[in-house]
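Down below is the structure, laid out as structure tokens.
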Amino acid sequence: MRIQSLLLLGALLAVGSQLPAVFGRKKGEKWGGCPADDGPCLLSVPDQCVEDSQCPLTRKCCYRACFRQCIPRVSVKPGSCPQDQLRCLSPMNHLCHKDSDCSGKKRCCHSACGRDCRDPARG
């Protein structure tokens, strides 16, 4: 009985170590995403972090105003944004800033003229 328990524990640990790869996350990468960064680069500031594991629990290491820093993560909906083949002739206009600004399964995606809510790409 004891050997079976150890084998089961070993198998669970082996499978658990592969979960980040299965779900597309790197080891040490936290759930969630980084908020959009629309800020201009005003200063050359050294990065405050290199990876998520250097940040407190609810924060991710994200680019913000031209350098990496620990900021609150945002929820990310499943699926990827469709490619936009258009060119914008008007000024950028953002209709959303993060996925939670969009209804249902729609994601906040970059388009030619800014960000807007779109259905995720199929595939």
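Including glycine, each Cβ sits where the backbone N, Cα and C put it.
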Disulphide pairing with CYS109 per Swiss-Prot - partner from CYS70, CYS81, CYS88: CYS81
Member of CYS108, CYS113 annotated by Swiss-Prot as disulfide partner of CYS96: CYS108
As recorded in Swiss-Prot, which of CYS34, CYS41, CYS88, CYS102 forms the disulphide with CYS66: CYS41
Bond partner of CYS70 - disulfide, per Swiss-Prot - picked from CYS55, CYS88: CYS55
Candidates CYS62, CYS88, CYS96, namely the disulfide-bonded residues, that fall within 10 Å of CYS109 (disulfide bond) by Cα distance: CYS96
Residue among disulfide-bonded residues CYS62, CYS108, CYS113 with Cα closest to the Cα of CYS81 (disulfide bond): CYS108
Number of other Cβ atoms within 10 Å of the Cβ of CYS62 (disulfide bond) across all protein chains: 21
Structural state census, the domain 'WAP 1' (27-73) (DSSP three-state): 3 helix, 13 strand, 31 coil
